[in-house]
Each structure stands twice: as structure tokens, then as C-alpha cells.
Amino acid sequence: MSLQGAVGAAELVFYVNGRKIIEKNADPEQMLLFYLRKRLRLTGTKYGCGGGGCGACTVMISTYEPASKKIRHYSANACLLPICSLYGMAVTTVEGVGSTRTRIHPVQERLAKCHGSQCGFCTPGMVMSIYTLLRNHPEPTYEQMTAALAGNLCRCTGYRPILDACKTFCKDSVCCQSKANGRCCLDQEEDLSGREEKESARLFSPDEFEPLDPTQEFIFPPELMRMAENQPKRTLVFHGERMMWISPVTLDELQDLKAAHPKAPLVVGNTGVGPDMKFRGVFHPIIIAPARIPDLNVVKCMSDGLTIGAACSLSVMKDILRNAVLELPEEKTKIFYAVLQQLRTLGGEQIRNVASLGGNIISRKSTSDLNPILAAGNCMLNLASQGGKRWIPLSDIFANGVGNNTIRPEEVLVSVHIPHSRKGEYISAFRQAPRRENALPIISAGMRVLFEEGTDKIKDLSIFYGGAASTTICAKQTCQTLIGRYWNEEMLDEASRLILNEIVLPDSAWDGKVEYKKILIVSFFYKFFLEVLQSLKTMDPCHYPGIPMEYESVLENFQTKMPQSIQIYQNVELSQSPQDPVGRPIMHQSGIKHATGEAVYIDDIPAVDGELFLAVVTSSRAHAKIVSVDTSEALKEPGVFDVITANDVPATNEFHYSDDPEIIFARNKVICVGQIVCAVAADSYAHAKQAAAKVKIEYEALEPVILTIEDAIKHNSFFEPKRKLEHGDVDKAFETVDHILEGTGEIHIGGQEHFYMETQSVLAIPKGEDKEMDVFVSTQHPAFIQEMVAASLGVPANRIMCHVKRVGGAFGGKLLKAGLLASVASVAANKTNRAVRLILSRGDDMLITGGRHPFIGKYKVGFMNDGRIRAVDAKYYINGGCTPDESVLVAEVSILKMDNAYKIPNLRCWASACKTNLPSNTAFRGFGFPQSGLVTETWITEVAEKTGLSPEKVREINMYKEDEQTHFKQKLDPQNLIRCWNECMEKSAYYGRKTAIEEFNKQNYWKKKGIAIVPMKFPFGLGSRYLSQAAALVHIYTDGSVLLTHGGIELGQGIHTKMIQVASRELNIPMSYIHFCETSTTTVPNACASVGSAGTDVNGMAVKDACQTLLKRLQPIINENPKGNWNDWIKKAFEQSVSLSATGYFRGYDANMDWEKGEGQPFTYFLYGTACSEVEINCLTGDHKNLRTDIVMDIGCSINPAVDIGQIEGAFVQGIGLYTMEELKYSPEGVLRTRGPDQYKIPAVCDIPEQFNVSLLSSSQNPYAIYSSKGLGEAGLFLGSSVFFALRDAITCVRNERGLKKTFALNSPLTAEQIRAACTDDFTKMVIGRWGSDLFNYV
């Protein structure tokens, strides 16, 4: 086709928040996210991953269909939507939903008031997902609500408070919070009764909420309706810098275009081509967008099935199939039902709303959920080209792998025909993924059998798999061989062997799950076998006995249900003044701003005139000499300003905090993949990124390349010092014990990515005089950033002003690495004399920054017949990466906290930090304890198995009982530890449920439940006094308003909210009088990092000190006029020249540790807690469901129960991630392969327990901290291990039932792969005879 009618570029017309946008130069490469943020300055929509995997950029798209006169609203990921695809559409962003300037929408209000935001970075995306659902269904069901949030990730809250807010909109709401009397609907349960009057279970008051009024929403722009109805459709052509976008309106035109440009991809939702271009370096100069062609959007109900247009979205397809299933007889809809089952979990709602059926088929992705079932279901493809139309079976395009040329390059897929199922035909779809929802499958399958009429003799059989090869594959020979066989055990055995022989998996699978995939391949066929047997029984119970009752439960897949929850905390004393906010569940100070998108993060700061964007160039080798760096090609790219290297650093490029340096830019050699070699500064992020790809670096390999802990031990590669702690006489104790655990005593714990929602972000702005520079940075430690930037630029620290308003999550990951990245940006700003913005992409962030230390624990344990543990000898190795960072400190803490809740009379422990060629690992919530605590609980469980006692009995026997000393001779009073344990036992009804679980397990063969209860002692302290000092600055202005600042950073833990509560109490004024602006090195110098849960403890003391100083000055004035009010007193004070500004200071907690003697007081106090978790596993797939968790925590007197309970829940869910899901994978060359939410799965809504209860221990005092509170942000993470041990309990049950040898090792994360591996059966034996221990190699 010649493009004569449309050679001139078209104008792009669409609406955003009711405002008309006419874009004359629409660039096809521009995604809506960056257009909103950079062009329209609507920064509420956030960048979280850029690949549609996290939901932070969710917006609502509205379209008008003139034929049906219907408006359709749907949620979508702005990061994947090319602006060119928005012609004639209306976009609503979080700013359009409501704001503090206009009105706050009920969704925003309820999310904030239900405490559904912590760091707040994911909140606008959550708001948009919920808002879009409510536009379509003003009274949604629970199921619709959880489905709407499946595509949104949150790293802070643990989702419970977000779901609480959602429940208030649902019609089937039975949320205990909505009862008028505030009594909880679960109070009737005997196990939760007996709550004291002093306790409360309400964190918010639903009666305060504004009602949802659908009439108040934005209307669809009438102009767009008129355009759709009256304007003749015409071809749209948009020309960008490198790319052309053509959107034809007729099928003929599309055929002409495809003939002229056979290689140009057809793009509808951009969920396939978009990520390929973004992350895999694919480039297409021409893109054809066929979404506006009626023939491709057809939906026809025929006598033999359904025909669905190739451009129909998966959501539209889902609705069509759902209606067909409801209307047609069951016999005809078996294929529809199976396809629906796959659609329910495919991607998140945002992806399904835009991804097209045709795109899913044509891309032939190995990981397609739909292609195997569509192929097995005999679906037909309608193809068209200039040469005419033809129909082919969909299965043909997978006949011989990826090189298949069944569809010619010039052909277009017009529609897909899905046939009705027939009598005697059975169809099923299967999938197993790293996470139940919004995750690509490890293996997916579609199976169909047709029997000869009235028999179980196979007439036709189709078996297709996804995930096993480079595209969907068919077990063709197996199917042909089995025709004529009867559906019985003999056939099953033959089929399993045939399938395994026929489906050959490449050994090079990057995820290394070859054996697991093979097991799933046969397990899925077995499940199909059972399903068909059961269906035959339903049809003719006389002839077909069906399956044993204990097998039936495995036919049911785990579903996501709306969790029920209870939160119990202590009410404030009746005598407390109503104005005093301490101890009350106060909403996060920024909660409303989080929900409206008005909260400003680093990349939301408006552009500075002439600012440059930075893209970093990182090493592709783990250990190599840099021979040359060629930047000539990069400098020729459009928009490039300069390339910054180590030679541009004016002063310090290497920081020697210990023997090995921390390095800004690599100079002569690289020591890990992901080390920064140079950076490109350009006028836009896209230009900088394109130019960075053109920098050529030549390397010369260096030996050795050390990646794993085992490599480091072999090469004796460690950071000094190694640490050792010994207590009692270990060797002698081993001689006197009844039993010794050794040989098997080893556990591997994988690393963990911080996955803060806001990636590392810096904006450096030179001030133009005296070498001053403003540095806005997402960090936990501004003083450290100031120090590093000053040193790298060779200027005094007083020229560098570091500012932090808030941080979008950190968890320990924004300390040293943030300093190095701030230095990179500052060096660039210094060289170019321009403002420089450095915002890491999610992939770069994960590649460069490191995370939690991978850990190997080796142990030898001596114990008595009665379960008393007398001696432990342990060795810990942590993978520190290529520079020291905090690794030695993490190793020290892992030893100091290794006893967890147990008194071990004789103990020896070594810890070594391994020096390897990986990006250096760093601080992470829990700091060494989540690993060493898991090792301890593992040997506790093994002792229980050896003695025949239950794990909880062994825990009780060895728990600290009275005032005792730890293994480093610090005193401790374990009274609250025992109280937490007993209360959790009671609240969780542990023994009653344990009996019920045993009964369930007897009656179910392929599904098992498990339960575990785990105690915790979490020592609080930063090790040295100077690390816990703090300062605050309080100004009172003459109008009575108060400006408060302190050295703490708001990371989502609510520190500013708590500091305002402290100031409100101390000054005896309402919180509304007090404002917090930002944390800055200009107001509070030399502040310590916000780490180790200590922020509130130490800054609270400083704020209290400042307020008391001011109150002392005001006291004489108050005494003179006791009946006056605050404003009168302040005016008077000013008139009397009383200073209304004061600093407050806290010297820090005394702490010391003498490693030579092995004793000290490194900690200030202890937190205690206990968690009881119950799970259910599917032994055929390894999948599991978290059924219930009860947590009891001793956190002293809570300053803000809503914030504190949120911290416990968020940490716990992060712990579930660490111990059961989150897997980092590296190539043999040391390249991180899990670089975004597509490959790396953090917990989502589907992963939290169905019942999630948290109680704060009542009447607990802590004399060491402000208002008797305790610093709790980190402690809850370890309690996630209760899920690990509940899974272990379920696996133990399986193994006992199958007569397998007692001892077995489980590593962390305990993924579906490992669970399936441990549940040995005929299928696992078929694949590998037995499980080798080499299956789980953690870096």
C-alpha cells in the first residue's frame, strides 16, 4: 500500500483528566508514563519497573464504542502504553481522581485512613486499580477486588490494610471494622475471645468515610464521542526520531502494509513487543497498529463455537467466554472453561486489559498460558493476505518448534475460532508459576481426550506444553501411540514414560529448573488422568468407579480469597488527654498525599532548566582488566552532552573504609558484573540510554572468578576480620550428650533483593558559586551522602546540601550504594555545570546494588534424649560480594543473634564474610538475623525429629526461662518472650488446629497441611554509642505554628508522624499545629543513618529534648497567664525576646562488644514475638497456600499502633518472600538474570495468609526508649520463617506417610520446586530416580 492518503504525520488527539491534548509530533517510542511525568508534569503516576510487572504506573483508559454506544473503562500500565495508541481515548491519572486542592475521592480517603500506605510509592497505582474497578462495578465482590489488585505490588504494607480499605466498598463486606459497635465479627471464635476491655481491635472508623457517589466522576469527553461517531476513520501515521507508527482502519489496508513491510510487527497492547524493545535490545523501524480495524475485533457466536477477533483484549475474551459458559450447556463449554481458568491468573488485570489474543498466539512465547490449551482444543486461525484468506489449525504453528513458517510474513491473523466441546470429550489446562498470580508459568499445559462413544477407549488425544522448549510443544507421538488404549493405570504408566521420552528439555534452561519441569510435565498428565476419571464417574457411576476420596482434593486449585484479619492493641489510659496523640492509631502524615499522588519523591521534583539525564555504563565481566573504553560512537548520538569517567572525579574515587575500597568509577579493572565504568549525560533519559549502549569496553579476563561461597572457601577469599564467639566448654559437652547431629548439618539460604518501589534516585544541582551543590537523594543517610560527595568533589562538606523529603522504600538498600550513585551524579553535575538527574531503571538497580547476603550455615548439635540441647558448634559463611560494605558487621550480628530464643549452655560459632566477584551485598532489614535465626530453628526442628518430640516441645524446653545471660554475657529477662509464646499458643488455638490438621492429612493424599509456631528474641541496638546519637531542631513561629526537623528519614515507617506525635504531647498542642518539611544536612548536621529500627527511639528523644527546652522558656509566661492559649503565649514570648527556636540532642545508647573476650553489652534491650502459621501444599505441583498466621509481638507501649502493626505485617510478608519465594539467579559468568518483577517474584496479594491476626502484647514496659516504646521495624521479618517451618511440617507428613527416611534438608527459599522435590513419589523417581543434592545451588 502506498501511504498517500496519510503521508503527512497525523495529529494525536486524546484527553488526560478531562483536558484535551493535541500532540503534533507524537513519537512512537514515547510511552504514556514518561509523557505524563515529563511533558504534562503529572508525577502521581510512578515508574516502578517499566515492564508492566508492578502496577505503580496504573492509569485508567476510557474508550467509546459508537456501534454499541458503550463507554469502556479499564486499567492499564502507563509504562507499556505508546502514546500513539491513545488516539481518541481518555486517560485518567491519580491526579484526575482527586486531590487535596479540589476534593479527595473516597478511594483515596479510605486507603489513607485505613493505613494502606507506608512509603506511599505504590499507592497511586493501587488507587487507580481500585478506582477503575469501582467505575465499572460500584459494589464489587471480594473476588473482583482481589483480582483488580493482582497486578499491583507493595513492598511495605503486607497488603492487609490496603485490602481493609477495599473491603469497605464491597457488597459482601463482613469486615469486622464495619460493625457499628466496633465489635469484631470474629469475636465469637472461642480462640480469640477473652479480650480485655483495655484492648482495641479498631484501627480506623468507617463512619468517618465519605460515601462513594458514582455521579461525581469525570464524564467521558463529549468531543471524543462526537469524533468517534461522526469523523470518518482514517489511517494514522506518526513519525518519531527512529520509528514510524502506522494505524490502518481496514483489513485491505493492513494486508497491503504487511505485504510492503513483512517484518513490521503488529502491536495492540504492546505487552510483548514493548518489553522486547525495552529490555532485549530489539528494534523495529516500523510498527503497525491494527487495533482500530473492525474485522480484528469481531465476536461471533456460531453453531460450532466462538470466533474472536485477534485484536480483542484478553479481558474482553474473558468476558465473552464467561457469558458463554453461563448460557450454553456444560458439555459444549469445556474448552471455554479451561481457557477461562488460564485467563484468571495470566498477568495482572492491567496486562489482560490491553494484551490481545492474536499477539499471544503469534508471539509463540514459550511461557504462554493460552497457546497450549488453544492448541489442544483444536482452535482454528483465520489468516488473510493479499493472496486471500485461509483457515489453519492453531496447533500447526507449533508443529516443529520456533523456526515454523506456517504463517507467512505477509499474512495477518484476523480471528481465532474456539470450537464447542463434544460429548465424550474432556479438556483441561494446567500451570505452575513462581507465584500464583501475575507470574509467567514455569510449565503450562493443555490436554484434551475424546473417547469412543459410551466407552473410555481413546479416540483422539492432544497434549501440549508451554515452558518446556523455546515455544509451545506437542507430545505428538505419545498421543498417536495411545489411541485405542483404555483410560486406566496401565495407560497412565505408559503415557508418563512416553511423554518423558518425547519432551526433551534443553539442559541450558537459564532458571535451572530442568528436573522440576519434567516432573510437572508428568504430574500434570496424572492430574488430567484423575480429572477425566472423575468426570467419567459423573457420567456413568455404574461403570466407572472414579478416584479414591483422598485424591479428590488435588483436583481443586488454590484460589485467592479476601483475607480476614484482626489487629489487637492496648487502648490509651482513660486519664490521657484527648488531645494527646501518643498511643493512638494516627494516620500517616503523608497518607492522603500518597493516595492523591501529591507526595513528592526525587524524580517528581520539577525539571531544572538545562538539566541532563544520566545513564550508567556497567561492566559485563565479573573480573577483568579494562583494556580500553571507546566513547566515540556514544558521543555522536543525538542529545548527548558528555561521557563521565573516573578521570573526571576531581578528588576521591576510592573510599577506604577498610582494607578494600568502595569505588565510584572503575578505572583499570572491574571486580563484578554491574560495576559502574562510566556514565553518559544527555538531554533526555532515552538519549542517554541509547548512547550508553554504544560505549565499547574491551576487557582482558582475570583469574580467578569467584562467585559462590564455595568458590570463596576454596580460594580462601575473605574480608577480615573473621569473627568467633565461644561460651561454655563445647568439646567437653559433646562428650556427655546422648546424640549428636552432624553430617547433614548444613543449610543454604539464598540472597534477597530489596525491591524498594522507588529505585535509586539522585538529583544534583550546582549552585553556581563557592562550589556549592544541592543534592536531592533517596537515601537513609544524608550526612554520609554529603561526606562522600564532598570527598569526591574535593570540597568541604559545608558546600554540599543534602535534602531528603521522603524515600519510596529502602530496607537497608539506600546507604553506601546511594552514596556512590550520588557521587556519580555530582561528579557529572560538577563537570557539565548543569543539574544532573540519575534515576536507575529497575534492571540497573537490581544489577548494580546487591542485597541480602546469601548464607551457608554448618552446624553440629549435641542434645539429650529429653530434647535439651547442650552444645552447638556452628560455622556461618556469608557472600559479601566484591567490596566490604557492611558484610563484616552482618557476620558479627549473625553470631550475636544466633541463639534466637534459646539458652544454649555450650556454644561456639564462627562467621566469615566471603569476598567474591558479585556486586557487594549490603544491609537489609533484619541484618544477618533472618539467616542465622533460620539456621537455629532448622537444627531445633531436626532435634525434634531425632528425639520424636514435637518441634514446639523442643522449643519450649530450650527457651530462655528466667533472668539469664546470653552467650556474650548480656543480661536478659525473658518474661515477655514466654508471655508472647503462651499468648500465641492460646490465640492461635495451636493444639486444636494441630489435631484437625492431622485428621485432614489422613484424609488427603495429594494435599497436606502443616503448622508451626516459632518464637523470637530480637536484640535492639547499633553496637556503638556514636551510631545512635540524634539531634532535632524545633522552631515556633509568631502565629503559633511549629516547624519540626530532625535527623531521621521517612522511609515508610511513619517516623515523621511519630515525631509530630511526640512534639504534640511535649508542647501540649494539637498535631495540626506542627509541620515537618524535610530532612536536610543544613538543619541537622552529622545525623546518623535511619537504620536498625532505631529512628523513632533516638530522634524521639532529641525532639522531646528540644520541646522541653522550649517549654521551659515558655513556662514563666504560661504561669503569668494560665488561662491564655498557645497563640497568646507565643506572641507574648516574642515580645519578651524569648528565643522560640531550640535544638534537641540525644547522646545515644551506651553499647560495647569485646570480641577478644567474647563478651559485652552490644544491645540496649530486646523485642520478643511469636508467630504461628498454617499452610497447605499440593504434593503434585509443589504449590502452597498460606492459610493463617497469628502473631503476638512485644513492642513495649506503642506510640502509634496503626503504624506499628503495619510494620509488623509488612516485615512478616517480606519474610514470607525471603523464605519461600524470592530467588536470585546468576549465570555461570556472574550475570544477574533476575532483573525485574518478571523474573523476581516478591509476595503479592495472593500470598498473604487468608486469616492474618496481629496482637500487641499488653502492659509491656521499656525503660530505655521514648514513652516505653520499642524500635520494631526489622523484628517481624524473621517471623516469616513460621511459614517455612509450617511447609516443612507438611512435607514431613508426606514423607512419613510414604515411608521415606527421616532426615532431609530444605534450603531457603523453600520454593514450589523444592517442595515438589521433597514430596518424593513415582513421578519424581521416573525423572531422576532420586533427588540429587546438586539441584539447589545458591550463589
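Using N, Cα and C of the backbone, Cβ positions are placed for all residues, glycine too.
As given in TrEMBL:
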{"type": "ACT_SITE", "residues": "E1274", "note": "active site, proton acceptor"}
{"type": "BINDING", "residues": "C49, C54, C57, C79", "note": "[2Fe-2S] cluster 1 binding site"}
{"type": "BINDING", "residues": "C119, C122, C154, C156", "note": "[2Fe-2S] cluster 2 binding site"}
{"type": "BINDING", "residues": "266-273, 356-360, D369, L413, R431", "note": "FAD binding site"}
{"type": "BINDING", "residues": "Q780, F811, R925, G1092", "note": "Mo-molybdopterin binding site"}
{"type": "BINDING", "residues": "F927", "note": "substrate binding site"}
{"type": "DOMAIN", "residues": "10-97", "note": "domain '2Fe-2S ferredoxin-type'"}
{"type": "DOMAIN", "residues": "238-423", "note": "domain 'FAD-binding PCMH-type'"}
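In sequence order, A355, G359, N360, S363, K365 are the residues of the chain that are 6 or more apart from G272 (FAD binding site) and have a CB within less than 8 Å of its CB.
Looking only at the binding-site residues C57, C79, C122, V268, S356, the one with its C-alpha closest to F927 (substrate binding site) is C122. Of all the binding-site residues listed here (C49, C119, C122, C156, V268), the one with the fewest other CB atoms within 10 A of its own CB is V268. Note on proximity: of the binding-site residues C154, C156, F811, R925, the one nearest V268 (FAD binding site) is C154, by Cα distance. The Cβ of N270 (FAD binding site) has 28 neighbouring Cβ atoms from other residues within 10 Å, across all protein chains displayed.
All protein chains included, L413 (FAD binding site) registers 25 other Cβ atoms within 10 Å of its own Cβ.
C122 ([2Fe-2S] cluster 2 binding site) and L266 (FAD binding site) are 32 Å apart (CA-CA, integer value). Other than the site residues C49, C54, C57, C79, same-chain residues with C-beta atoms no more than 8 angstroms from the centre of those residues' C-beta atoms, the [2Fe-2S] cluster 1 site, are L33, K46, Y47, G48, G50, G51, G52, G53, G55, A56, N77, A78, G125, R842, P1237. Counted with DSSP, the domain '2Fe-2S ferredoxin-type' (10-97) comes out as 16 helix, 31 strand, 41 coil. Residues S117, Q118, G120, F121, T123, R155, T157, M757, G808, G809, G1052, G1210 surround the recorded [2Fe-2S] cluster 2 site, their Cβ atoms falling within 8 Å of the Cβ centroid of C119, C122, C154, C156, which are themselves excluded. The CA atom of G358 (FAD binding site) is located 31 Å away from the CA atom of C154 ([2Fe-2S] cluster 2 binding site). The shortest Cα-Cα distance from the residue listed as 'active site, proton acceptor' to any of the binding-site residues (C49, C119, C122, C156, Q780) is found for C156. Each of the binding-site residues S356, N360, Q780 was scored by the number of other CB atoms within 10 Å of its CB, and the largest score is that of S356. For C54 ([2Fe-2S] cluster 1 binding site), the same-chain residues that are 6 or more apart in sequence and have a Cβ closer than 8 Å to its Cβ are G48, C122, G125, N152, L153, M757, P1237.
In this structure, the C-alpha atom of C49 ([2Fe-2S] cluster 1 binding site) lies 12 angstrom from that of C154 ([2Fe-2S] cluster 2 binding site). Here S356 (FAD binding site) is positioned 40 angstrom away from R925 (Mo-molybdopterin binding site), judged by their C-alpha atoms. In the predicted model, the domain '2Fe-2S ferredoxin-type' (10-97) has a mean pLDDT of 96.
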